[in-house]
Amino acid sequence: MPQTRTIQPAILLLEDGTVFQGKAFGKIGTAAGELAFNTGMTGYQEVFTDPSYKGQVLIMNNCYIGNYGTKTDDVESSSVKISGLIAKNIAYNYSRKMADESLEKFLTDNNLVAIYDVDTRALVTHIRSKGAMNCIISSEILDVEKLKEELAKVPSMEGLALSQEVSTKEAYTLGDPEAPIRIAVMDNGVKRNMLKCLSEKGAYLKVFPTDSKFEETETFQPHAYFISNGPGDPAPLKYAIDTVKQILAAERPLFGICLGHQLLALAHDIPTYKMHHGHRGLNHPVKNLQTGLCEITTQNHGFAVDAKAVEAHPNVEVTHINLNDNSVEGIRIKNKPAFSVQYHPESTPGPHDSRYLFDDFFTMIKANMK
Ligand SMILES: NC(=O)CC[C@H](N)C(=O)O
């Protein structure tokens, strides 16, 4: 580390009063949100720019981040979306031929407040036993009592609607206008790679703001709908649940990922619940109940679909389960061309085991075009 750099102290305060001392990184300031941890060893830039992390202060479990720098197009949206960052070690210097800049510059340019030199293993163990909670990090207020006052103002993630804050404000198109398949995308905070996976398969996309009316999306004459991922609690998104109901009533093929999956369940009156500490990482084992095969998946969610309510529903079937905790990872609607998964088949970052779900979507679309 160059001698010229002055390292400032920073502090992390948890909702239950636990305090961690560390060092400042990125912007000097204060940031708060729900504490969440990601166990992935790579892909920090894609993770930081994933809109589903809006409102969360993220712990990167890997003991070192920043060592391969950042690259302009390794992003899942136009800016950093996490509210704050906690790490063990940060590499100021990076080594990767394709990288354009350091993580330090990337985070400072994105005004992100970060803290490092924190015992992240102790911190993660703490959340794993106590459950998800809010936190605040600061490199400008080092007085714990003052930070407690600030932390008290931070809303709970449960009941928080955030999609409108990250969704596109204006509809836009993507891909080849002459493509034989048109897909309307409900952008609840869509990751770029989902759009890439869809357009590369030969679809012309129109990406609509999360709260667009069904009638408006229909003017695109879509052959199918894609319901994207997104931040926050899915339950308060009544406008989106209603739109999903209208899409289903019109018999349009539908594929939902993560928040999109939760909205498909909610549209069938299947409730979602806040998980103890969520799933965020690149190695979550999921079993496909239709093929009996296991996939290693990318995950990022703090809410999940109620398994008992799915079982009790005559028209909804569980297609995938998480092998760590048996939670619902995928559903299919028996009487409609619709399915969804809780995990991330676009997998940036992550393994590509689940990319077949995009093929399944296109097969379903084509079957419904005949
Ligand atoms: N990646 C996502 O779409 C996350 C969905 C939702 N915000 C959750 O935390 O469960």
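Cβ coordinates come from backbone N, Cα and C, glycine included.
These features come from TrEMBL:
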ACT_SITE  CYS258  active site, nucleophile
ACT_SITE  HIS344  active site
ACT_SITE  GLU346  active site
BINDING   SER52, GLY230, GLY232, LEU259, GLN262, ASN300, GLY302, PHE303  L-glutamine binding site
DOMAIN    8-138  domain 'Carbamoyl-phosphate synthase small subunit N-terminal'
REGION    1-177  region 'CPSase'
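Secondary structure from DSSP puts PHE303 (L-glutamine binding site) in a beta strand. According to DSSP, HIS344 (active site) sits in a coil region rather than a helix or strand. For ligand 1, the neighbouring recorded positions among SER52, ASN300, GLU346 are SER52, ASN300, by Cβ distance under 6 Å. Counted over all residue pairs in SER52, GLY230, GLY232, LEU259, GLN262, ASN300, GLY302, PHE303, the record's binders of L-glutamine, the longest Cα to Cα distance measures 13 angstrom.
Secondary structure counts, DSSP: the domain 'Carbamoyl-phosphate synthase small subunit N-terminal' (8-138) has 26 helix, 46 strand, 59 coil. Annotation for the binding-site residues GLY230, GLY302: lowest Cβ count within 10 Å of the residue's own Cβ, GLY302. Every protein chain considered, the tally of other Cβ atoms within 10 Å of the Cβ of GLU346 (active site) stands at 25.
Between the CA atoms of HIS344 (active site) and the residue listed as 'active site, nucleophile' there is a gap of 7 Å, rounded to the nearest whole number. Excluding the listed site residues SER52, GLY230, GLY232, LEU259, GLN262, ASN300, GLY302, PHE303, the same chain places ASN229, PRO231, ASP233, PRO234, CYS258, HIS301 with Cβ atoms within 8 Å of the centre of the L-glutamine site Cβ atoms.
Counting only the Cα atoms, the space from the residue listed as 'active site, nucleophile' to GLY302 (L-glutamine binding site) is about 10 angstrom. When secondary structure is read from DSSP and collapsed to three states, GLY230 (L-glutamine binding site) falls in the coil class.
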